[in-house]
Amino acid sequence: MGTVEAANKQAVETTLGQKKPKVVFVLGGPGSGKGTQCANIVEHFGYTHLSAGDLLRAEIKSGSENGTMIQNMIKEGKIVPSEVTIKLLEKAILVNENDKFLIDGFPRNEENRAAFEAVTGIVPEFVLFFDCPEEEMEKRLLGRNQGREDDNIETIRKRFKVFLESSLPVIEYYNSKGKVRKIDAAKPVGEVFEAVKALFTPSKEKLVLEGIQDEKFGLLHVILLFKELLDHLYDMMWDRLGRYCVYR
């Protein structure tokens, strides 16, 4: 006879398998600007932003035993057990009608990553990595004055240490799979988002293929997309022909 835990896992896999959500992991050190850029992506590209940190803080506010455990671990700069965060993420994905999600601040280590993929069956489309020097992140965290309990110099430096030791191996793993999209997060917010937009704006060729596969696209829409693609190829052909004639 299977355990209740095994049955619950199978139910989650089945439900998420039916929903087939598109997931992008968003990683970066504390103060790298992940939250700001996630808000921009939500506004411009229709994703739902799931912050692992926000979900954990909401659980703390609930006053539950689980919340107390989470609070103590965060104070000590430790990483919350995978099963706790995964359960919160699963629930958030399933109750939301959207099928495109930014998961911010997770996975934080290799165990998180392996557990998430094993339990949910979800492999991210790609990993958005905001790369920012530690000095810049520290300056941002100390200056943002959000009243967060973990925004003091001692805890901030513990968080940096945890990120370097635990999260970088996750980035290296996904980089070996060709899934990491690295962004220079030390630049001004507007410049950072310009780089982000390029990753989320599909090419004309991709739009055509998605239009054919998606029943929600009408025939006229697909024809117009093909026309744009042909115009693009036509312009490229004449541009190259013109250069050839000049060189001749």
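Cβ atoms are placed via backbone N, Cα and C, with glycine included.
TrEMBL entries are annotated by machine, without manual review.
Copied from TrEMBL, the annotated features are:
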BINDING   Gly31, Ser32, Gly33, Lys34, Gly35, Thr36, Arg144, Lys187  ATP binding site
BINDING   Arg57, Lys78, Ile79, Val80, Gly105, Phe106, Pro107, Arg108, Arg148, Arg159  ribonucleoside 5'-phosphate binding site
BINDING   Asn112  CMP binding site
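Here the features listed in TrEMBL are painted onto the structure.
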residue : record                                   : Cβ within 10 Å
Gly31   : ATP binding site                         : 24
Gly33   : ATP binding site                         : 22
Gly35   : ATP binding site                         : 16
Thr36   : ATP binding site                         : 13
Arg57   : ribonucleoside 5'-phosphate binding site : 18
Ile79   : ribonucleoside 5'-phosphate binding site : 19
Gly105  : ribonucleoside 5'-phosphate binding site : 23
Pro107  : ribonucleoside 5'-phosphate binding site : 27
Asn112  : CMP binding site                         : 22
Lys187  : ATP binding site                         : 14
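Neighbour count (other Cβ atoms within 10 Å of the Cβ, all protein chains): 25 for Lys34 (ATP binding site). For the pair Gly35 (ATP binding site) and Pro107 (ribonucleoside 5'-phosphate binding site), the C-alpha distance works out to 15 angstrom.
Long-range C-beta contacts of Ser32 (ATP binding site), restricted to its own chain and to partners at least six residues apart, with a cutoff below 8 Å, comprise Phe130, Asp131, Cys132, Met137, Ala185. Nearest in space to Ile79 (ribonucleoside 5'-phosphate binding site), taking C-alpha to C-alpha distance over the binding-site residues Gly31, Gly33, Thr36, Asn112, is Asn112. Using a 10 Å Cα-Cα cut-off from Gly105 (ribonucleoside 5'-phosphate binding site), none of the binding-site residues among Gly31, Gly33, Asn112, Lys187 qualify. Across the structure, Gly31 (ATP binding site) and Arg57 (ribonucleoside 5'-phosphate binding site) place their CA atoms 17 angstrom apart. Here Arg57 (ribonucleoside 5'-phosphate binding site) is positioned 18 angstrom away from Gly33 (ATP binding site), judged by their C-alpha atoms. The distance from the Cα of Thr36 (ATP binding site) to the Cα of the residue listed as 'CMP binding site' comes to 24 Å.
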